[in-house]
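Worksheet: the structure to be examined is printed underneath.
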């Protein structure tokens with residue numbers, strides 16, 4: 001009968017705890033349930049007089065919380081009566097405490113008196129009673145607990161865990177208590193952390209109350225990564241005034257900041273200080289370091305001030321974080337000020353301090369100042385480490401100072417310092433940039449031999465270097481080796497390889513890699529999309545380029561002015577002026593500012609399409625926006641004006657360039673020369689030619705062609721022929737266009753000797769049969785031109801005859817036929833005689 005009463009009570013309590021958990025009462029309602037259990041040393045039953053139950057409710061009444069409070073009260077009430085009835089059950093005459101002690105010490109786990117504790121329906125209750133009675137023998141309690149845990153079909157209740165944890169903790173067995181708490185928190189049982197707290201609180205008087213056990217619960221929750229539960233636990237601890245230690249709070253703060261939950265860390269820091277927990281220097285260091293890394297050194301300085309007000313002395317770590325935080329955003333003066341303040345407060349700078357200063361000053365191109373820090377470092381008895389040397393080597397490499405980088409590399413090895421992957425990667429990248437491919441590959445091999453694995457940065461450097469040098473086979477080999485090294489290609493790797501394919505004019509391979517990247521769900525950035533669009537535009541695959549632009553919009557990747565300018569330029573070159581202007585309008589609607597490069601492309605495209613007036617309008621708008629045209633813009637407009645026979649307007653722009661201190665390029669000069677030649681103003685054209693020579697500009701093929709074709713057009717053949725000789729003498733090879741101008745003119749004048757001589761030069765230069773790139777006005781065909789055509793026809797016949805003759809010789813050699821050989825030689829003789837005639 002007694003066991004039945006106890007079973008009913010246990011069942012009722014279990015159901016109520018289940019309901020309370022189901023409705024998440026512990027998370028939603030402030031409550032305080034206390035069940036005190038005190039055991040007599042001579043009896044298994046707790047004394048009724050020493051038991052007390054207390055329930056505390058919030059002063060603010062809320063009708064929605066009546067039911068939850070009722071559950072809490074009844075649960076505590078039944079816990080009280082459960083212990084009462086358990087007390088009555090002690091009358092089992094077969095139960096003896098000393099016997100139980102002896103059985104456990106001797107580990108006689110098959111003894112019927114121990115087995116009975118677990119086989120009855122009250123197994124958990126009976127074991128908890130034994131734990132309480134064995135509290136002065138904590139090691140026996142732990143031994144029994146571990147054995148019971150391994151018993152088939154038996155599971156400890158949360159209350160059992162809490163009782164044993166209290167016993168272990170009060171017996172100074174902190175490691176075992178911590179491990180048991182971790183098992184409880186990490187187990188598969190669906191027990192909210194707040195319910196564990198409630199049960200720990202309810203069973204706190206099993207031994208002399210030790211509130212450190214609640215700190216253990218908090219720290220274990222942090223340790224297993226249950227940050228939300230730890231925060232909730234902190235709220236309960238604050239309510240019950242059993243606050244965790246500052247060290248445990250520091251652990252949560254550090255874990256929150258490292259896991260990217262910065263806002264949560266700030267909120268917890270405020271709650272921690274508000275609860276009355278005094279932050280330590282470590283607490284402030286965690287928060288200051290986080291704020292500095294997030295780019296908020298201003299708030300970090302406020303925390304530094306608070307530290308000083310509280311009498312907490314900042315240490316080296318505090319100042320290192322602040323110096324680094326200011327230095328990384330370019331506030332170098334503040335970094336130096338903090339460094340000087342650090343020394344004033346007698347906080348000794350360490351190697352990390354100097355490395356931070358050296359790195360920040362190198363980052364912002366203040367290399368000379370870094371040598372002073374290096375000198376101070378040595379004067380303070382500190383030895384530069386691998387990071388120090390690697391920082392200098394990287395800075396030298398980025399400045400193109402390869403000799404200094406190699407010197408530091410040799411020095412660090414001489415001092416017994418082993419270069420790391422960062423050191424090697426800096427040197428590899430620098431060697432690729434200056435074209436020392438062999439040296440870069442040698443360094444990679446040395447790095448691998450030294451036992452360092454190539455990381456994603458090194459792989460990217462290798463790929464980018466090979467691609468820049470056009471060594472795509474080597475780049476592909478590096479790319480294929482990445483999965484074997486368990487290095488996953490990232491966006492930077494794909495960008496480098498795709499760019500290499502485009503430079504090598506392998507747009508098909510680039511697009512295949514683009515598809516592979518998308519299949520792996522790697523989202524392209526603005527740079528990669530721009531590279532693909534640029535490559536497609538170079539291949540005149542404009543529809544595909546626009547498709548990439550549409551994909552960017554779907555992925556919320558904003559196209560920039562470079563991408564739009566590339567597309568506009570491609571449309572102009574394809575003769576699609578309307579589409580180019582539509583893109584310009586779209587660009588403006590998106591609020592993307594037109595740059596000087598965009599205007600250059602726009603004005604050049606409009607001029608070449610014959611829309612010079614619109615180009616002039618945009619030239620004016622450009623200046624209205626406060627944007628100064630550069631040489632490219634001026635040259636494009638000058639060329640367009642000259643082609644539209646507005647040479648004097650072009651001349652004014654040319655003079656305007658000189659007034660602004662700009663040096664016109666060859667295209668500007670040649671455009672004006674061409675414009676004046678077409679106007680018949682040969683003298684002015686040669687004035688510009690002489691001006692080019694005076695400023696030290698070499699005439700190129702395009703300039704000579706313009707002059708020679710102009711002179712030929714206006715009948716000044718001798719001067720044109722002299723220019724041809726001049727260009728040949730200066731090493732500029734004439735093309736079929738130059739020869740074509742003079743040959744036509746000589747034919748018109750009937751001077752066939754000169755025409756044939758030039759024709760002969762064309763044959764020697766393999767230029768005959770070429771097509772002209774310049775529109776030469778066609779005159780009415782004369783007898784001379786007819787003769788020239790006949791001459792060309794005869795030469796073609798002779799070439800055909802020669803080919804047949806050589807075919808016969810080859811056949812003769814093959815078959816060794818004497819008659820055929822004689823016939824071939826006879827044909828050759830006739831052909832030579834024909835040529836002489």
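Every residue gets a Cβ built from N, Cα and C, even glycine.
What TrEMBL says about this protein:
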- 245-279: repeat 'PPR' (REPEAT)
- 280-314: repeat 'PPR' (REPEAT)
- 315-349: repeat 'PPR' (REPEAT)
- 385-419: repeat 'PPR' (REPEAT)
- 420-454: repeat 'PPR' (REPEAT)
- 455-489: repeat 'PPR' (REPEAT)
- 490-524: repeat 'PPR' (REPEAT)
- 560-594: repeat 'PPR' (REPEAT)
- 595-629: repeat 'PPR' (REPEAT)
- 665-699: repeat 'PPR' (REPEAT)
- 700-734: repeat 'PPR' (REPEAT)
- 735-769: repeat 'PPR' (REPEAT)
Q: Report, as numbers and ranges, which residues of the same chain sit near the repeat 'PPR' (490-524): CB under 8 Å and 6 or more residues beyond its ends.
A: 456, 459-460, 463-464, 466-468, 470, 472, 475-476, 479, 482, 531-532, 534-536, 538-539, 541, 544, 552, 555, 557
Q | Sequence-remote partners of the repeat 'PPR' (245-279) [C-beta within less than 8 Å, at least six residues beyond its ends] | A | 215, 218-219, 222-223, 225, 227, 230-231, 234-235, 238, 286-287, 289-290, 294, 310, 312
Q) By a Cβ-Cβ criterion of under 8 Å, what residues six or more beyond either terminus of the repeat 'PPR' (455-489) are in contact with it? A) 421-422, 424-425, 428-429, 431-433, 435, 437, 440, 444, 447, 496-497, 499-501, 503-504, 506
Q: Over the span of the repeat 'PPR' (735-769), count residues by DSSP class, listing helix, strand and coil in order.
A: 27 helix, 0 strand, 8 coil
